[in-house]
Structure formats: structure tokens, C-alpha cells
Amino acid sequence: MMVFVVFVMCRYKILEELGDGTCGSVYKAVNLETYEVVAVKKMKRKFYYWEECVNLREVKALRKLNHPHIIKLKEIVREHNELFFIFECMDHNLYHIMKERERPFSEGEIRSFMSQMLQGLAHMHKNGYFHRDLKPENLLVTNNILKIADFGLAREVASMPPYTEYVSTRWYRAPEVLLQSSLYTPAVDMWAVGAILAELYALTPLFPGESEIDQLYKICCVLGKPDWTTFPEAKSISRIMSISHTEFPQTRIADLLPNAAPEAIDLINRLCSWDPLKRPTADEALNHPFFSMATQASYPIHDLELRLDNMAALPNLELNLWDFNREPEECFLGLTLAVKPSAPKLEMLRNVSQDMSENFLFCPGVNNDREPSVFWSLLSPDENGLHAPVESSPLSLSFSPMQQHTVGPPQSSGFTMTSSMQPNMLDRPWMAVSAPFQQSHYL
């Protein structure tokens, strides 16, 4: 009897490697039948039985979670005792977007990213899972659409503690995880949300600890020492008892993020609370006033027009950026493509006042009898003629041998890679100084 074996992975042509981690590697590939570009995650360990595959945390979570802001698992393939996950392919991750920024994000851009992340997180928590590894690298973005990815550490809420000690990259770990509590809840995800929100304003991590002890120290420098009565986990701090007798130079989040609105500061303070019970849920965070802020003009139109003749050249914003040092146990697989979007070219005139927080569009073809007309950029993205969508560079789908591409910051003026070491925002608060905001279009 003749047996025909069909190899599913023959349908896919590997184009390039995107990332490599402890658990596996991720490749950009193309489906030879549909010409769809996908991300293929190949696990490093062998899988001899199908039951082993379907019981993986990542598989169990993604099979239950179908949401516009959660990465879509399209197919699972086991061949020759090797396991492959076929994901939708995204262009960037949030870490690389922040690393390549020359100017801070606008309030609207930050609200858009945060709203999408919280919507995906709310769906996850409602369905009985919490992520445990939220960080900018695991937030994938295409055309301003954000999706949560990498569910290798996802845990069912209903599962019984104790949980594993290692969770999340250190900079986004909640205090109860740093203190080795095994009884943590989905509130650990909400702490990470607060840290990411602050990072979107500062373009540098809020708590960049170099070790677990240094991580707790940096948290204390911003939040102050925990209340031992309302945060029982702090009693397990005996392994670093000196911290309980240390006086910390108090640095308010508002001082670290001078370009953030008061509503944003309030939300960060709530999310980054020592007490997990005081952190809002994802649904509660979505109802925070930060997401209902109306865009307001910082100056009257007449005042703006008087300043147009005195405009100076835009200052360069020098960013000290860093490379994430991968921890040995980390399973980040880098589902991102090195595709640089081409920014729409608009003729922009910006107010030079440091207090200014809005961009303006100058329309040279629209004039009245006295002076040029200046318009606030307050129209919604679907209004005609104001915002142009961000277009990605075309992807090459030629079936060439796998090539390795380098992802790096653009070599443009005003952008300098000065050091590979992590800058400390507490020591160098000028890193968070506001600058003119850049416009974007939301799809």
C-alpha cells in the first residue's frame, strides 16, 4: 500500500530571519499559494505528540482569544517532530518605533496606542488570561494598528498559584513580582501598561533598573517607599532590608514627563501603584478621563498669527537611546519587520513657544484680504484633505535566499546614537523635555 505524505511547510518560502530567542526563532515568509506574507515561529524543542502541541500555553491562549488587537494565529503545523506557528505579519514593534523617533509622540498618538492595547488586554482578562510579559517589544504595529503578541508566558487566571518567579522584562515587572510573590493577579499587566504609557511620553523607560534591587530602588525614587500595611508583599523585602531604612529623593512623575497632560499623569500614578488592588482594570482604565480629553487650542488663532513672523528654526532633539539587553531566560522572538514608513510631506508651521502643544497646517493657497489663514489641525482623520495615511515601503516578495537585515535608527539630522548604555531619567530629567509634536494619521 502506497502512503502519500503532504508536507504543509512546503507551502511557505522563508524570506528572512526576524528574531531568535530561547524558545524558538521567527522568520518572515510568504505563502506560495496565496502570496500572503506571514511570520513563522519555529519552536526549538522537539514535539513527538500532537497533545504536547495543543497543551502549550501560547496555543491554548491564542485559540481562545480572537480580537482585533491581539495577534492572530493562523495555523499550527507539526512536521518531522518540529512545531511551527503561522502568524499574521506585522511591520514594526513599539520598541523600534520609539527607538527611531526624533520627536515625542503627540497626545493623540499616545491615546490611540494605549486605547488599542487596553482593548486587547480587557478582552484577554475577560476570557481568563493575563499576559505577564507586556513590553514595547511585544506590541506589534502596522499602519498605526496595534496588536498584543508573544503569549509564551500567558497564564490562565483560574490556574492555581504559585506562579513562576520569572515574568516579564525587568523594567516592566510589577513590585509584587520583583518581591517574588507567587500570588499575583492580572494587575501585573496593568503595572506594565502604566510603565509603557510613561515611556511613550519620555521615549525612555520609567524604571530602568540594572538589577532587581536597582529596579526596586528606582521605583522607590519615583513612588516613595511602599505602605507596609496596605502592601503585605513588601514584608518579603527582607533580602534587601536596607531599602526600608533608606531615604529616597522624591521625583514626581509629573516632573519626569513635563509634556504629559495632567490626565495622563493621573492615569500613570493609578496604574503604577504599589498596591495591586488600587490599580484600575483594563476596562476601568479605558473609562479614565485621559481617553475622553478634547483637543484644545493652546493659544487663540490671533495670537498664533502674530507669532508666525518670528518663527525660528526648529531645534534638534538629541535622543540618547539604548539597546535592550536580553536576559538569558527571555523568550522574545521579535515579530517585527524592518520596513521604514514614508512620512507624508505636509508644509508645517509650528509655534516656537515651549508651551505650545499643537501643530498647525499653513495653507498658502487660502488667503483673505488681510493675512494668511491658519487652521488648527483638529479635524478627525476621516476629513478630506488634511491627513494623509502613512504608507509603508513595498515589501520584496521575491523568492530569494534568506537574508539578514539590520534594524537601526535612521541617520538623519537631530538624531544621534550617543551610547549603548541605558540613560537614567531620574538623573537626567532633560531627556523628557517636550518638543514640537509630530502629526499622524490613524487608520
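The backbone N, Cα and C atoms fix where each Cβ goes, glycine too.
Remember, predicted model here, so these are calculated numbers, not experimental data.
Record features, source Swiss-Prot:
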- Asp133: active site, proton acceptor (ACT_SITE)
- Leu18, Gly19, Asp20, Gly21, Thr22, Cys23, Gly24, Ser25, Val26, Lys41: ATP binding site (BINDING)
- 12-291: domain 'Protein kinase' (DOMAIN)
- Thr164: phosphothreonine (MOD_RES)
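Feature annotations (Swiss-Prot) mapped to structure.
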residue : record                       : DSSP class
Leu18   : ATP binding site             : strand
Gly24   : ATP binding site             : strand
Asp133  : active site, proton acceptor : coil
Please work out the mean pLDDT for the residues of the domain 'Protein kinase' (12-291).
85
Relative to the Cβ position of Asp20 (ATP binding site), how many further Cβ atoms are located within 10 Å?
16
Inter-residue Cα distance where the pair is Asp133 (active site, proton acceptor) and Leu18 (ATP binding site), in Å:
19
What's the CA to CA span in angstrom from Val26 (ATP binding site) over to the residue listed as 'active site, proton acceptor'?
18
Inside 10 Å of the Cβ of Thr22 (ATP binding site), count up the other Cβ atoms and send me the figure.
14
Would you find the one among the recorded positions Leu18, Gly24, Val26, Asp133 whose Cβ has the most company, meaning other Cβ atoms within 10 Å?
Asp133
Listed ATP-binding residues Leu18, Gly19, Asp20, Gly21, Thr22, Cys23, Gly24, Ser25, Val26, Lys41 - what's their greatest C-alpha to C-alpha distance in Å?
14
What is the interatomic distance between the Cα atoms of Asp20 (ATP binding site) and the residue listed as 'active site, proton acceptor', given in whole Å?
17
For Gly24 (ATP binding site) and Asp133 (active site, proton acceptor), determine the Cα separation and express it in whole Å.
16
Integer Å distance between the CA atoms belonging to Thr22 (ATP binding site) and Asp133 (active site, proton acceptor):
15
